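Enquirer: Relevant sequence annotations retrieved from TrEMBL are reproduced here:
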type: COMPBIAS; residues: 544-558; note: compositional bias 'Polar residues'
type: COMPBIAS; residues: 612-624; note: compositional bias 'Polar residues'
type: COMPBIAS; residues: 633-650; note: compositional bias 'Polar residues'
type: DISULFID; residues: 22-83; note: disulfide bond
type: DISULFID; residues: 30-76; note: disulfide bond
type: DISULFID; residues: 97-121; note: disulfide bond
type: DOMAIN; residues: 193-500; note: domain 'G-protein coupled receptors family 2 profile 2'
type: REGION; residues: 532-660; note: region 'Disordered'
type: TRANSMEM; residues: 198-220; note: transmembrane segment
type: TRANSMEM; residues: 232-252; note: transmembrane segment
type: TRANSMEM; residues: 287-310; note: transmembrane segment
type: TRANSMEM; residues: 322-343; note: transmembrane segment
type: TRANSMEM; residues: 367-391; note: transmembrane segment
type: TRANSMEM; residues: 411-436; note: transmembrane segment
type: TRANSMEM; residues: 471-492; note: transmembrane segment
């Protein structure tokens, strides 16, 4: 059983290096030696003879000038060692190295060639034999039972010369340091990349328009969207920034995501990594920060819905937690972004033109994308289901008017549709990430197998599965990342929004709201309280958002109404007094024109004081007694169950019914 040399001719491209087999020596300097086969990688870790030939070029002048008879055998012993049985490597003796270095030192100094560190003579065994030894030649020609016919091994990934980067940049690719992935994308053709680039650009414009419309609708009437629905606005702002970053990536092309090629240094275009590229760093910070912030605002939205539906928190009570909401929504993504910057995990995306994380590093994909998104979905779904169950229990157990019940059903349907429109795209994105991290190693092995001969690197050994990613998978991922922001439009889209935009575009400002006391006077409840039977019970709807279910706010509203009615009665008295003062006789016993008209329309002057006093006393007594009677009864006789306190969820439901 002998080692069969690979069937290739000198000067031709080397076959696959997965087989540890002998191959003919193609190096011009190592021709006409006692042996004519070698193996790769050699003793200096050159993975093919072409790379070894480049390393030997500086010594060509010394070999041609024959400064030492030992230089050429020594150089060939390192760059094209004799091919022996697998597992046995023959090293040149130290004496051969020292003699060659001593004889050629002056000539090397003349040509400015330094003795390489990897050729340090102290690394070789202390012996005094020539190279190759006699036993090496016997082992390479005589068969041995211990040697196999085709001994093979896996050399792993060797970074091609075209993809090598400076050590200070801390690049990494397929587990090899100072190496970077090729650009354009290593998986897709140019026509596929162009289609994907324009597809992402169009979708980003649509998402940017939708989220911008949501944000501008909020700016037209800031008071319209209060808690618990206020997080929808911040959620829309986050995805507006995400779509803006993707749109910038579409405009920039590969100028940020890829490093320019350097033909003079035999360096191809590579993917940008790390924070040395400021533009790439800014794109990464904006995209990752707002992607994570958008998912956190979704969780906060479900929290506010839960607080409004289950413990019946009001808008003011939820708004008191706004500082905590903002600290969580902006602080957690900020901490994750800073962590990734410190770990230098930024990677250029040569499909979309932006910079992100987890594109080539599977560990970063799992811990900084999959883990946070899965946690957000889990918490959000649990809180959302709890809130919907609570609202459904209210609908089933508490008797409501048909109109209010229809509003509640519409509101529950609206929450369900909005949640589905958010969760389905997000779950698709998470599924794409899971599929990508599962098959990433297979895709990379396939790429190495297809390009190993082009890059002159070892080919993979015993490849069991080969596969290339489908472009549809990546397009689906980018589409769903952007579509997640569009559901915010369905929440703000209503007749009320159309009316507000029409008023805004026509230059009509929204009228300032009247003061609260005047609003109370204009309420139909107040008019009914004045005309109702004194023995009839009072059922009032509070204008506040009390979270305790007490009637304190209702009583304060009645007191405000009582004060307002007193001021009304006072104004009536002042008008009657002024009219009484205007009726007087002239000196000649006649009436002035106004007083003459008054005599035709009014009783005589003598009857006016009595009428004034009686009407004033009657109206004041009636208003005072009724107001006091109403407030006392609201404070003492009305049970808390009869008071409908206006929680934030009631306000949202009412607005939903009014705008539907």
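Placement of Cβ uses the backbone N, Cα and C atoms for every residue, glycine included.
How about a rundown of where these features are and what they're close to?
Expert: Mean pLDDT across the domain 'G-protein coupled receptors family 2 profile 2' (193-500) comes to 91 in this model.
Listed as Cβ neighbours of the transmembrane segment (232-252) (distance under 8 Å, sequence separation of 6 or more from its ends, same chain) are residues 197-198, 200-201, 203-205, 207-208, 211-212, 214-215, 218, 225, 279, 283, 286-287, 290-291, 293-294, 297-298, 301, 329, 349, 352-354, 478, 481-482, 484-485, 488, 491-492.
Here the transmembrane segment (287-310) has long-range neighbours at 227-232, 234-235, 238-239, 241-242, 245-246, 317-318, 325, 328-330, 332-334, 336-337, 340, 354-357, 372-373, 376, 379-381, 383-384, 386-388, 390-391, 415, 422, 426, 481, 484-485, 647-649, 652, meaning same-chain residues at least 6 beyond its ends whose C-beta is under 8 angstroms from one of its own.
Residues 227, 230-231, 234, 275, 281, 284-285, 288-293, 296-297, 300, 303-304, 357, 364, 368, 372 of the same chain lie 6+ residues outside the transmembrane segment (322-343) yet bring a C-beta within less than 8 angstroms of a C-beta in it.
Away from its own ends, the transmembrane segment (411-436) comes close to residues 295, 298, 305, 358, 365, 369-370, 373-374, 377, 380-381, 384, 387-388, 391-392, 395, 469, 473-474, 476-477, 480-481, 483-484, 486-487, 490-491, 652-653, 656-657 of its chain (Cβ-Cβ under 8 Å, at least six residues beyond either end).
Outside the transmembrane segment (471-492) by six or more residues, the chain places 188, 192, 195-196, 199-200, 203-204, 206-207, 210-211, 213-214, 217-218, 225, 229, 232-233, 235-236, 238-240, 242-243, 246, 291, 294, 351-352, 414, 417-418, 421-422, 425-426, 428-429, 432-433, 435-436 with a CB less than 8 A from a CB of the stretch.
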Enquirer: Within the same chain, where does the transmembrane segment (198-220) have neighbours whose Cβ lies under 8 angstroms from its own Cβ atoms, ignoring anything closer than 6 residues to its ends? I mean 6 or more beyond.
Expert: 232-233, 236-237, 239-240, 242-244, 246-247, 249-251, 351-352, 475, 478-479, 482-483, 485-486, 488-489, 491-492, 497, 500-501, 504
Enquirer: Which number gives the other C-beta atoms within 10 angstroms of the C-beta of residue 22 (disulfide bond), all protein chains shown included?
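Expert: So the number of other Cβ atoms within 10 Å of residue 22 (disulfide bond) is 21.
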Enquirer: Within the chain of residue 30 (disulfide bond), which residues six or more apart in sequence place their C-beta under 8 angstroms from its C-beta?
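Expert: Looking at Cβ-Cβ distances below 8 Å from residue 30 (disulfide bond), excluding near sequence neighbours, one finds 38, 72, 75, 76, 79, 80.
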Enquirer: Cα-Cα, whole number of Å: residue 121 (disulfide bond) versus residue 22 (disulfide bond)?
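Expert: Given the Cα positions, residue 121 (disulfide bond) is 26 Å from residue 22 (disulfide bond).
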Enquirer: Within 10 angstroms of the C-beta of residue 76 (disulfide bond), what count of other C-beta atoms is obtained when all protein chains are considered?
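Expert: So the number of other Cβ atoms within 10 Å of residue 76 (disulfide bond) is 26.
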Enquirer: Please give me the CB contact count at 10 A for residue 97 (disulfide bond), counting all chains in the structure.
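Expert: If we count other Cβ atoms within 10 Å of residue 97 (disulfide bond), we arrive at 23.
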